[in-house]
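Working notes, structure below.
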Amino acid sequence: MIGKILGNRYELLQCVGEGGMSFVYKARCRKLNRFVAVKILKDEFKNNEEIVRRFKKEATAIANLSNPNVVNVLDVGTQDDINYIVMEYVEGKTLKDIIKEKGALPYEVAISIGIKVAKALECAHKSGIIHRDVKPQNILVTEEGVVKVTDFGIAKSMDSSTIAHTNSVMGSAHYFSPEQAKGTYTDYRTDLYSLGIVLYEMVTGVVPFNGDSPVTVAVKHIQEKAIPPKNINQNIPNSLNDLIMKAMEKDPVNRYQTAKEIIGDLEKIKKDPNVTISSKSAEDEDQFTRVMSPVVVPNTETNNSEPDEDDEDDDEYYEDDEDEDEEENNIQTKPQKAINKNKKKSPILIIIATILVVALGITLGFLGMKKFMEGGKDVKIPNVVGEKVEDAKSKLEGLGLKVLEVTEESDQEKGIVLKVDPNVDSTVKTGSEVKLTVSGGEGQIKVPNFAEMNLDSVKRTLKSLGLELGSVDEEYSDSVPRGEVISQSPNANESVDKGSKVNVTISKGKEIKSETINIPDVSGKSVEEAKSILANAGVGVNPVKGEAAKSEGEAGKVYSQSQSGSLTIKQGEKVTITINYYGDYVKPEKPKHNAGELVGMTGAQAKAWASKNKINVSGITSDTAKVKSVSNSGEVEEGGSVSVTMEEEKKPEQPTQPNQPTQPTQPNQQAQPEQPKQPEQSGNN
């Protein structure tokens, strides 16, 4: 089967479980690219028309359920003699596995799971579907705490060859209602009894009735009263003890009548564990056994013994058609051992009792269970067309038939039966389903199933039907793609008045956890330094060269970044930021001046020129003398230097002073009288 594609859509990947009637495969929907579970009827049943009919009929009915606590049936079909049902794929453990791992659960957890299971049953019951096999093996719990009930209404069949092997008959016997065990008419209340057993096992870690065979267990369901769970686990409140005992009443009349009732009481206990719960089963808690019929049962082990070591699904996923675990012996509790020890019976009585039990087991197993599974005796459907639905249901249920009520808009009075399917006077077996089409009155509209539709499609559909969109909530979902409907209120197929509002919950997809990272500030760092620092922080870098550096020290340094500091991201998300860094430093070109202009300037003028042009001029010796030449008569940059040569400045002659003393005469020379001189004329030659 692996690799086979069913319906040109579902590719079988691996077998994840096997039950008495079917295999379950993990598959991939090639159209929507998601995992699904595909249940395939075993080959030995493919030629049994009744089993195949029920297999498909029940699956089609479940497909119309819309509840977050129901494993959705997505498709049903036949290909190459392969009958299959496609369901949502749920990653999780069965409640049975959880109880095996942890033992008794905290009562708060049991209440929470119980409410969700009851809501799933309520949804099914409103659509006329009885589960008939409520047990921990058919309750899946995901890691996120989502509770999903599976195997709704999947018809189970048991023939005489199966009855012959009583040790492999229906591992579900631990959760049977008394009416199931007797093979009599069952209704919605049978599911509530089984839910009571599940609650019992959650808070105690054991099943209330156990035995060495399914028949023995079935007899205990009929005859014996369970030990109150509080006698086993003192930590549970009296209110929850009373609720469980009421749910497990032998007579359906004394039980909870609807799933809504049990949900209400569970909610009360959740808010106030000390609340008083009305229980019709409040009898002397020391009275563990109540005889319902004169049947002698040997080896009356205590009701509450350890659960069978292998009391679980063959599938471990979605289905429990049969268990092969009923061979283990019960472990008696100490009080009952004491009772048995004090009661000595003769071998003859034990032999007689054993024979009676074998006879009872064969009778119950072959007639009762077979009757339950195969539908019972023939009855004729009466004509209830035109009657009020309450009267019609009473008549049909009185004949042992199950009633599925469907509302249809009509000009007839609301609540009047319009049609019956199968037709009036048809012969069917007790336990068969009869569909009543009931007038919803004028203006009544059947709410469509919006599962897996997007919000736009929902709006268009509602508008075309004359309905309005109510509240739109969003929730994370591991199984429903983002943007599609998870649940709706009112539920699919409910009849409402025109203009009514329909509330939907839309999937936000899988919840993605976030984390916070710190992005370091790398301003002023070189590009390589910045890359290293950010890489150590788990941040990628996109370096971008920016403006030119204004100094040699700025060249190649980071001057800005796109993100820094604390940043919240999706867990595992890759973060890359941009950093901007300075380019190379370009030395600016300085202005140049013609130093040749200095020639001919006076020293003062040359100094002024030098100051103005920021050039160092050396060699100026006088403010009045003129520059004769320049060391560089070409272009000189600001900040540069030149030297100049100044012209010689002519000094004016000094006049001779009159009456200057004569120089002494040489010896032996006669002094000559000195002649007065004429003063020289001053001026330029």
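Backbone N, Cα and C define each Cβ position, glycine as well.
Listed features, source Swiss-Prot:
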{"type": "BINDING", "residues": "Val16, Gly17, Glu18, Gly19, Gly20, Met21, Ser22, Phe23, Val24, Lys39", "note": "ATP binding site"}
{"type": "REGION", "residues": "277-339", "note": "region 'Disordered'"}
{"type": "COMPBIAS", "residues": "306-329", "note": "compositional bias 'Acidic residues'"}
{"type": "DOMAIN", "residues": "376-440", "note": "domain 'PASTA 1'"}
{"type": "REGION", "residues": "480-500", "note": "region 'Disordered'"}
{"type": "DOMAIN", "residues": "513-581", "note": "domain 'PASTA 3'"}
{"type": "REGION", "residues": "623-685", "note": "region 'Disordered'"}
Checklist entry - In DSSP terms, helix, strand or coil for Glu18 (ATP binding site)? => result strand
Checklist entry - What is the biggest Cα to Cα gap, in Å, among Val16, Gly17, Glu18, Gly19, Gly20, Met21, Ser22, Phe23, Val24, Lys39, the residues listed as binding ATP? => result 14
Checklist entry - What are the DSSP helix/strand/coil residue counts across the region 'Disordered' (480-500)? => result 0 helix, 9 strand, 12 coil
Checklist entry - What does DSSP say about Val24 (ATP binding site): helix, strand or coil? => result strand
Checklist entry - When you measure from the Cβ of Val16 (ATP binding site), how many other Cβ atoms are you left with inside 10 Å? => result 17
Item to check | Gly20 (ATP binding site): tally of other CB atoms within 10 A of its CB | outcome: 22
